[in-house]
Amino acid sequence: MNDLLIGLNEKQREAVLQTEGPVMAIAGAGSGKTSVLTKRIAYLIFEKNVNPQNILAITFTNKAANEMKQRVRQALGINTYDMWISTFHSMGARILRDYIERLGYKRNFQIIDDDDTHQLVKNLMKKSNIDTKLFNPKIIRNLVLKMKFDEDFIKSIEAPINEVVAIIYKKYQSYLFESNLVDFEDLLLLTIKLLKQEQDVKAYFNNKFHYVLVDEFQDTNNVQYELIKLLVNENKNIFIVGDEDQSIYAFRGANIENINKFKRDYKNYYLVLLEQNYRSTNNILNAANNIIQNNSTRIPKNLFSEKGKGEPITHYKGVTARDEVEYVAMKIIHMVRKGYEYNDFAILYRANSTSRSFEDVFLQKQIPYRIFGNTSFFKRKEIKDFTAYLRFILNNDDAFSFIRAVSAPRRGIGPVTIERVVDYAANNGLAFSDALRLSSDFLGKTASNKITAFMDMMVDFRTQLDDIPFTDFVDYVLDKTGYIDMLKLDDKGDVRYENLLEFKTILAENNEIYEDLTKEEMLTYILEDIALKSEETKEDVENGVTLMTLHSAKGLEFRVVFIVALEMGMFPLSRTFGDRFEFEEERRLMYVGVTRAKEKLFVTNADTRQTYGETLRNADSVFIEEIPAELLHREGYSVAVNRSKNVNSVYQRPEYKRQIDQKRKSLLSKDNTNDLNKGDKVIHKVFGDGVVVSVAGDHCVIAFQVPHGIKTLLKDHPAISKKK
């Protein structure tokens, strides 16, 4: 036991050893929660003699799940690949793979990712003669997915969008079921339905999972909480790790109230506070502590470190936003000359649009940089094309994969032909595959021959799948389909081909893991894994300054962090001023940004900034004011301001609230008071023409044309004018 606990502090040991009953570990940023989780699992197995199959550990990313498995494997020397350590969606897929037939699906269901659902909704809209230029398919898709969680959601959608959503929702659900497809929402919703409907299945998993552990609990949504509750048995051995101070994903459905639900549902829970930080210096942590203590919805804690006091936080204020950017660039150049690497720096901002000015200056000064969040490997066109072939080889009823496969390369089977096949299947009660095989009965000779040739090729592929090694099978499919010839005509063909070669490596690696399975079973699991991973962003590894939103920064750390554009209205956003819940989420976002820094933190802003073509003057962000003066070193225009008046007294709460009100009044005092009503046509300086969908108080919801979509804006914003 002592070996397992080596390196843990007193509170971490407490979290590992308190194995029975409900336990809530509130883990501050950088407090080593992954070590606690993995060592708790190892302790249960090694010291408590718990069968690894009786432990369920849920996290939010495949990367985190794999890291947890690796650490447990290293600690105990056991095979962990089949342990129940996974994401919510992977767990749902694993349960459904064995029991989904009880819900009317076939066991060989395929998972479609977000890109697939978007394309499917777009196709359904076109088939329903719905104008995709008037109604953005992406917006309709998002509303359809919300309806999956609550069909009454349709009541909150204004006309005429509600009519479109109602039509597409019904067709979308029917299409998935008939094609034996499930989306990411289904992986959770169908699992919940299964556990509620089939009591023997629920009893089986309640008996199986003696211990349940949930990572990043503050990021769970209502559906995930319900699923967890269904899986926890009467012993209530549930261990959650979370930090409400880092709950920043409300826009994705994360519900910070789940921590309070946990307290109500498990009244005798044991609380452990993990407050020792292993990342940052104490000046950085003290700044974070002072900022976040202004939030009311939190369990009090105070981060500390053994890394010493460290450097003060630098506040730089430029006269203009350009000054701010130039300052950041010159600081980076100077620190690189002192021995830092470009990889050591991160620039964090609230809004994506903030990055443009930094890119301009960095290009001029030849500072290498990367915009965090490039296209995931599994979302690249060539990978999605190839997986469409593989999915259709396994499931000839998968019309969605068929549509993609016959278009890569194009082989003369167009949308009209495909629509006729789909209609024939529906009208005659046939599976999609049967309609394809009977195409000569209802299609012209040319179209029918092309479909027959394609289906013959699929039969050949199915035979070859069993007869030749996986790596050879990839080459065989790429060659026979004509995909390689297509790449030769693509100016990015070399890069795309390299990605397909990497796909061969994936198959080879999985071949070793699933060596006891048949080729079909193996490929089904591989495709399932790819679908689950497709939502995760692949991080660029080149040496460069990282530019990213604060939301993207969670879970990362950098030696030096710049949090930029810290002005009222920019960060925090102006729309949060009158909403305590949203404003506190902005503060949590600031807390996350501050705690990314290991050695040095800069907070920067500008006295004036160009916004929508106008020069605006914003007050300093309240989050700067919340950092104690003794922790700050001021540079730039902020020095002059500080000399002329006591900044920390000027920005006490009543005063900064007055400044906010004055700022908003000055914006609204221009001859632009819009008495907007539902149905009014407007024009926006950036988003162009739009129609008012709804009005509530001083805000309005406006539907703009593609690609801008639906926006919630101040109805009296100077950028909006009512069309005559």
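First residue shown is number 1, and so on along the chain.
A Cβ is built for glycine as well, from the same backbone N, Cα and C atoms used for every other residue.
Keep in mind that TrEMBL annotations are predicted by a computer and have not been checked by a curator.
What TrEMBL lists as ATP binding site is ALA27, GLY28, ALA29, GLY30, SER31, GLY32, LYS33, THR34. What TrEMBL lists as domain 'UvrD-like helicase ATP-binding' is 6-281. Per TrEMBL, the feature domain 'UvrD-like helicase C-terminal' maps to 282-555.
Each residue in ASP243, LEU274, ASN277, TYR278 lies on the same chain as ALA27, GLY28, ALA29, GLY30, SER31, GLY32, LYS33, THR34 and has a C-beta within 8 Å of the C-beta centroid of that ATP site, without being one of the site residues.
Summary for the binding-site residues ALA27, ALA29: the Cβ-based neighbour count within 10 Å is maximal at ALA27. In the three-state DSSP scheme, ALA27 (ATP binding site) is classed as strand.
Highest local Cβ density among the binding-site residues GLY28, GLY30, GLY32 belongs to GLY28, counted as other Cβ atoms within 10 Å over all protein chains shown. Just so you know, of the binding-site residues SER31, THR34, the Cβ with the fewest other Cβ atoms around it within 10 Å is the one at THR34. In three-state terms derived from DSSP, GLY32 (ATP binding site) belongs to neither a helical nor a strand segment and is classed as coil. Every protein chain considered, the tally of other Cβ atoms within 10 Å of the Cβ of LYS33 (ATP binding site) stands at 21.
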